[in-house]
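Quick notes on the structure that follows.
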């Protein structure tokens, strides 16, 4: 990951995952649907119904994680070994092993998502959220030790990335108790987009500067502009989320205007009127009417 491509590929994955989450959240808000168990589109109930039920986010994590693992191993000439053969033996490639640990955790998290949504008899949301939160706990630990030998520009970039991971860890921890909260999922999506765009920006700053000249660690203006660029990423990603919601709303109003009405006709609470509580109320009303009839007959006699 200590290359330009090593920063761009994970960044692109995080952006793609964030855009996917943004579309899911926008659809749930437009149709006032559940964020955890969205209703199925009428066109997705036929022959391809099983294909649409696959956990796309989990499959994406597994595929991208496996590609990044293979790329990290391939970048090391002679193989990614743990220790050399000298006496005393020393550990080799510490940063590369940290990158590999992150990618393995990403792949395992995708496996957990697919297992929960497609293999278990009943979906376990707590397992999915707990696995994702644990992944970012480990990410935070790895990143804090990842910057031990960093200075200047590189240190400033990684400190801002650590801030994003820390905030995302807090949001994922809160989702363990309230997993179906719109505000938390919106913040989570925004932080994923921020991590992705910032990783790509870090690749250009550290390895391919636009000016063609490397950034200077001893120049305070360069370090200050790192934070300025980060703030620009905050504004751009916020506008991106707003744009996705606006485009999704316009798309569903123009091309699927009847879906909202169909969804309201199939709402769960309409089916609950014949439940046990409704039957109990009917029995109570019937008994009260019988008692009143009995009292009237006694008074007339």
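Indices start at 1 and increase along the chain as displayed.
Using the three backbone atoms N, Cα and C, a Cβ is placed for every residue, glycine included.
Within its own chain, the transmembrane segment (12-30) is flanked in space by residues 38, 56-57, 60-61, 64, 68, 182, 185-186, 188-190, 192-193, 195-197, 199-200, 240-241, 244-245, 248-249, 252, 260, which lie at least six positions past its ends and keep a Cβ under 8 Å from the stretch. Sequence annotations record features per position, and here TrEMBL assigns transmembrane segment to 12-30 (among others).
Same-chain residues lying 6 or more positions outside the transmembrane segment (126-143) and placing a CB less than 8 Å from one of its CB atoms are 98, 101-102, 105-106, 108-109, 112-113, 116-117, 158, 161-162, 165-166, 168-169, 172-173, 175-176, 179. The transmembrane segment annotation in TrEMBL covers 126-143 (among others).
Within the same chain, residues 126, 129-130, 132-133, 136-137, 139-140, 143-144, 146-147, 184-185, 187-188, 191-192, 194-195, 198-199, 202, 205-206, 223, 226-227, 230 sit at least 6 positions outside the transmembrane segment (155-177) and bring their C-beta atoms closer than 8 Å to a C-beta of that stretch. Taken from TrEMBL, the feature transmembrane segment applies to 155-177 (among others).
Within the chain, the transmembrane segment (184-207) has long-range Cβ neighbours (under 8 A, six or more residues past its boundaries) at 3-8, 10-19, 21-22, 25, 35, 153-154, 157, 160-161, 164-165, 167-168, 171-172, 174-175, 178, 215, 226, 229-230, 233-234, 236-238, 240-241. Residues or ranges marked as transmembrane segment in TrEMBL: 184-207 (among others).
The transmembrane segment annotation in TrEMBL covers 223-247 (among others).
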>> Can you tell me which parts of the same chain pack against the transmembrane segment (223-247), counting only residues 6+ beyond its ends and a CB-CB cutoff under 8 A?
In response: 19, 22-23, 26, 29, 152-153, 156-157, 160, 186, 189-190, 193-194, 197-198, 201, 205, 217
